[in-house]
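Worksheet for the structure shown next.
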Amino acid sequence: PPHVYVTMWEDLHNTAIRFKNGVLTGVYPASPSSWLIVVIAIMSTMYARIDPSMGMIDRIKTSLPVSEFMTVQTQTVLSAILFATGLWLSFIFLLRYILKALLSYHGWIFESHGKMSFSTKVWLSLVKLLSGRRPLLYSFQASLPHLPVPSIDDTINRYLESVRPLLDDEQYKQMEIVANDFKKDPAPKLQKHLKLKSWWATNYVSDWWEEYIYLRGRDPIMVNSNFYTMDLLYVIPTHRQASRAANIVHAMLQYRRKLERGELTPLRALGIVPMCSFQYERMFNTTRIPGIETDFVQHLKDRKHLVVYHRGRFFKVWLYYGGRHLWPSELELQFQGILDDKSESQPGEIKLPSLTAGNRVPWARARLKYFNEGVNRASLEAIETAAFFMTLDDEAHGYDPENIRSLDLYAKSLLHGKCYDRWFDKSFTLIVYKNGKTGINTEHSWADSPIIGHMWEYVLATDCFHLGYTAEGHCKGDINKSLAPPTRLQWDISKACQEIIEGSYMIAKGIADDVDFHDCLFNEFGKGLIKKCRTSPDAFIQLALQLAHYRDKGEFCLTYESSMTRMFREGRTETVRSCTCESTAFVKAMEDESTTNEQRLALFKKAADKHQNMYRLAMTGAGIDRHLFCLYIVSKVMGIDSPFLKQVLSEPWRLSTSQTPQQQLNLIDTQKFPKYVGAGGGFGPVADDGYGVSYIIVGENLITFHISSKFSSTETDSFRFGQNIRQAMLDIRALFNPKEKKM
């Protein structure tokens, strides 16, 4: 049929583009045309009877075979081309080496905002000069420096400094003894092995981090690991569920095509310093496969179908026709067909996804026993090889200004749903509600939140400002009525398997029911006012969280803030320990009525500067926790017992925090369209008696806090903590404007 030939032609076209972009990336920062320039230059010198090769061309010439087809002139030309090619490749490696050396300098990040030194300006100019023009997504990968291994002394000293405000004198003295004993032995031995790994590994942390923190975990990943991302906060472009799903899916396919071709622009700090793009590779066509002892991440090449879950049924939807993506109007027809389908679910089918929500070992065993042949294997394979998973949800969610808890319910739905209506093992599950609201649940092992956030920013902007809808809320465009309808996936689930499914569901439901979530919209002020206070918005918020936590629980705690290390190749995250001696001194001053406003302000600035410095150290590879984590892994491999490392890694993070960054501010003009702002996302509580807080600084006047804890803890209350955060933010602002009274 004609469309088969079109498909073949489109595949060849995509392969050609990928090959071309692969060549461009492979020779970056040079260009393929520069090879021709070098060849012409070498040939020109030869005609001028100048030998720039200092005899190498002649040596190449003598090594070439002589035949009737290889004349002396042909040998000379071929030798010159081979020499020019070698010279050109050497030039590329030299450029990359110089660029890598330049990117290993991080002094610029420690300079005060707006006060760039002359040396940093020269450095930035050199980086810009060597970065070439129009880089593709993976252009800088070979030029990124490797993550350095900090010294044992630096890490131990920073660790002791981080726990000082949490320990009394006797406890701290004991910790110093344990740490110093570790420093003498076995630390030097462990450090030596870790440095050896850093020489041959692309990144000495990332592979172990993925394996031991994520894939070897045997507890449920729902709530404990997966995280969510919300839709636009105030706007629903259409209330037609099938239409919204269609536009979102089409926008995702456009993004995937750019991603697979490597056409996306790499993120760069200051518009110049590149970030690692490694994590993007597994965004689509990826599934976490359960195992008895450890899971593994399965990533496939271009997949042409999607699996949709609706009212307990699974449907396979083809995303291509005639070599092209289905248009949004065609996808709408497919999804509407699923919504209109009145068929009943098969025995065991409704709660089948809860296998991915429960403990990993029962799921791994059930997968081997009940999904290894027949229709079950075929249907499971359809899910695991799909581009991604989508749920057409039968609930309505979103922000309702009349309902103070509307965002709380929306967050819980995205985080865990009904425990059986998201496939938690897929790289991500797209959820589209019946009122047109949408969101994403993401599996954490393959990447961190900024990666899925980058795609989501593109998708929302494309949906609203490029694809759009008709006046009736339908997708734009004609419909090809010859498209095959979605296919129901078939299952043969035995009673024994259904019992395992029910067991996983009950475990997952217990976890979900215990999640206490509160989303706090803070719109009294935002980034604009904080910057006028000449402080970092992140430091401002982190200090507010310390103040709020102290008021909430009457004590300080070990605090985790996630920072990225993507200035290094295959970098992921590092921990900023936000509870410091400086922050606790500030908090105590805020609670001491005898302290003057000037004293509080001075302590605030000191604590904010300390926080900024720690964040910068973490970003530049001088953090504490990833180094200690890797030393612990080495100790386990070598069979060395370390009381110090054991204690460090067992300390609970009772306040775990993360900022959701806005990465592509050019996609939506929020000055012109102030309602088109994202709401960020969140994650579940890390400690049984602690809080998880994710926040996003949106525009100039809005900060959204996503707060999680557990109902089972008598010490926590997410709504209460949200109120404490709000008051802490206002009280810190009042330091800069003493006329404002405490509310």
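Cβ coordinates come from backbone N, Cα and C, glycine included.
What TrEMBL says about this one:
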ACT_SITE  His444  active site, proton acceptor
DOMAIN    147-727  domain 'Choline/carnitine acyltransferase'
TRANSMEM  33-50  transmembrane segment
TRANSMEM  77-99  transmembrane segment
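Tertiary proximity for the transmembrane segment (77-99) is limited to same-chain residues at least six positions away from its ends with a CB under 8 Å from its CB atoms, namely 27, 29-30, 34-35, 38-39, 41-43, 46, 53, 56-58, 60-61, 64, 70, 127, 130-131, 142-143. Model confidence over the domain 'Choline/carnitine acyltransferase' (147-727) stands at 96, taken as the mean pLDDT rounded to a whole number.
Cβ contacts within 10 Å of the residue listed as 'active site, proton acceptor', excluding its own Cβ and spanning all protein chains shown: 18.
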